[in-house]
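According to Swiss-Prot, the protein carries these features:
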- Gly11, Ser12, Gly13, Lys14, Gly15, Thr16: ATP binding site (BINDING)
- Arg40, Glu61, His62, Val63, Gly87, Tyr88, Pro89, Arg90, Gln94, Arg157, Arg168: AMP binding site (BINDING)
- 34-63: region 'NMP' (REGION)
- 123-160: region 'LID' (REGION)
Amino acid sequence: MYRVLLSGAAGSGKGTIARMLVREFEPLGFNYFAAGDFIRDHIARGTEFGVRAQSFLNKGEHVPDSILNGAILAEMLKAGPRVVLDGYPRNMSQLKMVEEQAPLNLIVELKVPRKVLIDRLSKQLVHPASGRAYNLEVNPPKEEGKDDITGEPLFKRSTDQLEVARRRLEVYDKTENKVLDYYKKQNKCITMSGESSKAVFESVAEVMRRDLLTTTPRTAYA
């Protein structure tokens with residue numbers, strides 16, 4: 001069992017880095033689970049859960065735990081015992097449930113200046129139906145201007161969407177810092193600058209390689 005959480009605000013690059021890690025460690029049985037992808041899939045399919053989730057996301061708010069937790073934990077467990085997590089748990093209620101059912105080994109906090117985050121978000125191209133986002137500098141689409149999965153056109157965020165993104169950054173600061181403080185007290189959290197995805201990937205991959213070479217992965221990082 002080895003579970004890694006990539007934690008960072010919108011625009012921090014956690015999704016890009018998480019996918020890089022999964023590609024690197026896929027031969028060792030690692031899978032990728034992103035709470036955002038799970039939610040966007042339900043929104044795209046118009047499920048009851050997706051409709052309810054969309055109403056909160058449109059306001060720049062997180063989906064309440066009463067709606068989210070049961071569904072997302074079941075999907076997370078399906079990803080298997082070796083998984084790179086993107087964006088979950090985000091608050092203490094979610095953390096408690098995860099630690100009871102699927103405890104984490106390593107948490108990576110990505111620190112990026114607010115000005116850089118806003119700049120990245122303003123440059124993102126978005127697939128409206130799914131919410132998938134691309135950055136031309138660090139995570140470009142395979143074909144210019146088109147979504148990797150559907151081939152449909154990508155669009156820049158509108159002014160209204162950028163304002164929602166700014167509110168999401170404020171929500172992140174209020175909630176996720178408590179989760180990170182919990183893991184820091186357990187010495188399971190490492191903090192890194194998220195301004196270079198490649199540098200973060202290489203550093204985290206090295207930590208994972210060291211742990212996976214041992215019979216029992218370390219559970220604390222000094």
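Yeah, the Cβs are placed from backbone N, Cα and C, and that goes for glycine too.
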Key: Greatest C-beta neighbour count within 10 angstroms, which of the binding-site residues Gly11, Gly13, Gly15, Pro89   = Pro89
Key: Contact set, same chain, for the region 'NMP' (34-63): CB under 8 Å, 6 or more residues outside the stretch   = 15, 18, 71-72, 75, 85-88, 90-91, 129-132, 163-168, 170-171, 175
Key: Chain-mates of Gly11, Ser12, Gly13, Lys14, Gly15, Thr16 with C-beta within 8 Å of site centroid, ATP   = Leu6, Gly8, Ala10, Ile17, Leu110, Val138, Asn139, Gly194, Ser197
Ask   = With DSSP, how much of the region 'LID' (123-160) is helix, how much strand and how much coil, in residues?
value = 3 helix, 12 strand, 23 coil
Task = Could you tell me how many residues in the region 'NMP' (34-63) are helical, how many are strand and how many are coil under DSSP?
result = 21 helix, 1 strand, 8 coil
Ask   = If you draw a 10 Å sphere around the Cβ of Arg40 (AMP binding site), how many other Cβ atoms fall inside it, taking every protein chain shown into account?
value = 21
Task = Express the distance between the Cα positions of Arg168 (AMP binding site) and Gly15 (ATP binding site) as a whole number of Å.
result = 16
Request  = Quick one: give me the count of other CB atoms within 10 A of the CB of Gln94 (AMP binding site).
outcome  = 21
Key: Between Lys14 (ATP binding site) and Gly87 (AMP binding site), the C-alpha gap once rounded to whole angstrom   = 8
Request  = Across all the protein chains here, work out how many other Cβ atoms are within 10 Å of the Cβ of Arg168 (AMP binding site).
outcome  = 20
Remark   = Cβ neighbour count within 10 Å, max among the binding-site residues Ser12, Thr16, goes to Ser12
Key: Neighbour-count leader, CB within 10 A, binding-site residues: Lys14, His62   = Lys14
